[in-house]
Amino acid sequence: MGVTAGREASRRALPGPRGLRPETRWAYLFLLPWLVGLLVFQLGPMVASLVLSFTDYDLIDSPRFAGLGNYAAMLEDPKVARAVGNTVIYTALHVPLAIAIALALALILNRVTGRAAGVFRTVFYLPSMTPYVATGVLFLFLLNGQAGVVNQFLGLFGIDGPQWTTDPNWILPGIVLMSLWNLGTTTIILVAALRNVPRELSEAAMIDGAGSWQRFRAVTLPMISSALFFVVIINTITSLQMFDQVYTMFFGNQSAQQSYGDSALFYVVYLFQQAFQFLHMGYASALAWLLFLVIGVITLIQVKVGNRLVYYEAEEQGA
Amino acid sequence: MTTIDRVQRPAAAPAATGAATDSAGRGTRKVFFLVVLAAASAIFLYPFVWLVVASLKPRDRTFADPFLPWPRPFAPANYAAVWDAAPVLGWLVNSVVVGVAAALTVTLSSAFVAFGFAYFHFPGRGLLFGSVLATMMLPAAVTLVPTYLIWNAAGLTGTQVPLWAGNLFGSAFYIFLLRQFLLGVPRYVFEAARVDGASYFDLFWRIALPLSRPALIIAFIFELKASWFDLMKPLIYLQDPALFTLPRGLKAIVDQFYQGGDPKWEIVLAAAVVTTLPLIVIFFLGQRYFVQGIATTGRRG
């Protein structure tokens, strides 16, 4: 009793930074779920994953310290090299193509008004509502080398389409093609950004005699640069973590996996296999940390470069 | 700098000429745009058309008539065959239960935390909100193994709990979204209730929650979609096919029926339609919330 009363008194006397006012206590109460989640499901696991990456752990015996063994093994693992290569090539192909096409669609959508604009926007977004497993299944059929729609379409022009799902040289291009079906989110973000470009700016440039390409380069592009920059980051990060579609199409069915080797081995697929099929938890944690560092560095570089390239409106509050 | 040069150089040309040609070309240009958009729409829609049509054809006709937009011959019995081949109805129920649990928990907990960030001024607020923004970029793959170890230690692997229970602690993007929304609520609304004797919890439950309905709906349907898409967590945590969600079930069906000695393509395709259709329906019901939510995502950059 006495102690409580004393604390109450001192709190009233000292509402400084360390004296927890009742309002502050309530604030932390509301933040509690986040703080617990941050510790238990974010920071804790990150640290645990770093610690595990220096051990050998198979879930049965307790983890054994392995020093830098896992990281050394990664450097010599040809599958890691293959997975990194596939993932980087896919990202390098997917991101520019996806953003170029989405930007073109957004620019045209921005010129159309009324009901038509809404209908087209809906149509472009629908593929994004298709679960990735279903997308993978669908494209197994569409990209089928013998009879798939894609090759039948190419056949109309006399082109003999490749074996997209079995020829090791054509598996990655096929996956890129599939990824370009799903541009809805990127397109909608860019359309929203284009809507915010003040008309007067473009009109002023037009009166000054700027052609449409010049207006795009000098007015539109700088005005949407922050959104453009954002979709580059998001597309890059999600591409590096590609899993669902590829796993659906090319993994899990052992008999099917023989013919094309590791052509569809993506980084997160390999991480998943190491962790949950081979139970190499330490090795998988090392793989996870490499991915974390790479994504962190890419984000940093993109933010640094972005700060130089991106034009932010003066009144825009960086959230 | 070069961009400024480029705009200024042709400024010497008479402005009227440019304006005149522009208005003359505007009509034809608009038709051109509509044609381009229609062509793009056809490309984006065709895979859906093909999927639905092929799922309604007999197996030996799956790849036949690829550009015919209706099934010939019509074989609706494929959908009956799916129910016989796999417990698809149970998977549908599982997806709904897990999806609603995931969406409901993440929406409520995120709103709770967002109210804390939006309403209160307290030491460390900037830093803690920074932690919310920072974790938005954290790749899920990094925490995959330790998260599994947590659920394993809790004895919950093999159940559906790990598929949604992490959502009890809020999620960065939704906290951000809901906080932005709550910051738009005039402060006197809350203060008036305080004067009337409302507790902080009342402020959250009776004022903040009802007022942020649009943002709550966005969070709910986004998470429902994310949960409906999820393949990796069911792959990791579920062994019993009776507990599978639709994506996990569809993956099992592909593995069993797509290749091998006796492929049953019509079953794979019908299951893919069953997996996709509920989300398409939800999308049409909540379309404006999806568009708003995605536009918000972009503004965060």
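Every residue, even glycine, has its Cβ placed from backbone N, Cα and C.
Where the annotation comes from TrEMBL, it is an automatic prediction and has not been curated.
Taken from TrEMBL as is:
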DOMAIN    A:84-302  domain 'ABC transmembrane type-1'
TRANSMEM  A:26-54  transmembrane segment
TRANSMEM  A:88-110  transmembrane segment
TRANSMEM  A:122-143  transmembrane segment
TRANSMEM  A:170-197  transmembrane segment
TRANSMEM  A:218-243  transmembrane segment
TRANSMEM  A:281-301  transmembrane segment
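By the count of Cβ pairs under 8 Å, the stretch nearest in packing to the transmembrane segment (A:170-197) among A:88-110, A:122-143, A:281-301 is A:88-110.
When each of A:26-54, A:88-110, A:122-143 is scored by its Cβ pairs under 8 Å to the transmembrane segment (A:218-243), the top-ranked stretch turns out to be A:88-110. Touching of the transmembrane segment (A:26-54) and the transmembrane segment (A:122-143) is ruled out by the presence of fewer than three CB pairs under 8 A, sequence neighbours closer than 6 excluded. Among residues of the same chain six or more beyond the transmembrane segment (A:88-110), those with a C-beta under 8 A of the stretch's C-beta atoms are 117, 120-121, 124, 172-173, 175-176, 179-180, 183, 186-187, 190-191, 193-195, 216, 220, 228, 231-232, 235-236, 239-240, 242, 266.
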